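S.K.: Got a structure here, written out as structure tokens. Questions coming.
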Amino acid sequence: MLDPRLSRLAVCSVVVLIAVLSYPAQLYLFRRFWSAAQFYAFNTLVACVWISYFRTMLTDPGSPPRNWVPPVVGADDAEDARGRHENRRLVATGGRWCKRCQRFKPARTHHCRTCKRCILRMDHHCPWTNCCIGYRNTPHFLRFLFYTTIATSYLLLHLLSRAYAVWITRHRPAYYSPHTFPQLLLLASLLLISAPLSLTLLVLFLRTAVQAATGYTTIETWELDHHRALVRRGVTRNQVP
């Protein structure tokens with residue numbers, strides 16, 4: 001379970017990181033080189049990042065109703081084919097009992113020890129948003145990953161273009177350089193941050209998008225990987241595709 005103070009610190013870190021990557025470069029590096037269209041494009045991406053981030057944080061991921069119970073098929077109904085099919089469906093999709101909440105929870109619902117409640121279609125608990133990613137806020141989380149991936153890649157591309165401009169003038173006197181020394185320090189710092197961040201976000205977005213496209217959550221992917229590892233070792237029989 002994550003310490004709430006650390007989670008709040010993580011959120012503050014994300015807010016500071018977004019601000020640091022979004023505004024100093026525009027004010028001190030790109031002001032003389034970007035067109036109005038480039039400023040509008042980048043700031044539109046930044047606005048989408050802010051909106052999707054706070055919507056991910058502020059949208060409740062969803063929890064089962066307090067009095068929810070799984071549907072029950074009577075013994076008489078189970079005598080016909082339809083009843084038997086319904087029983088099989090309940091085995092596959094019916095509810096389970098949460099020992100911590102002391103109530104039933106639907107299929108694909110997991111208890112989060114950090115949030116201290118059951119989350120519908122729980123994907124994972126994200127410390128960077130200080131909330132669970134679940135049924136209701138997964139679309140916002142996907143959009144947040146998409147916009148951050150595009151925005152950081154856009155920023156990295158233009159930072160590299162400025163670094164190249166500095167490189168081709170390296171043999172000339174300092175007054176020919178397109179940037180001052182403080183600007184060069186800012187350029188180097190932003191490159192060191194944005195390069196690994198862009199790659200990390202790209203991998204995370206692609207993985208999350210593939211999981212969403214195939215209908216699996218992160219937790220379910222972990223469970224499948226664990227089951228397949230047991231199958232490979234011969235510990236259990238293969239019951240998943």
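Residue 1 is the first one shown; counting continues down the chain.
The backbone N, Cα and C atoms fix where each Cβ goes, glycine too.
What TrEMBL records for 34-54, 144-164, 184-206 is transmembrane segment. The domain 'Palmitoyltransferase DHHC' annotation in TrEMBL covers 95-223.
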S.K.: Taking all residues of the domain 'Palmitoyltransferase DHHC' (95-223) together, what is their mean pLDDT?
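M.R.: Summing pLDDT over the domain 'Palmitoyltransferase DHHC' (95-223) and dividing by its length gives 91.
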S.K.: In the domain 'Palmitoyltransferase DHHC' (95-223), how many residues does DSSP call helix, how many strand, and how many coil?
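M.R.: Tallied per class, the domain 'Palmitoyltransferase DHHC' (95-223) gives 73 helix, 18 strand, 38 coil.
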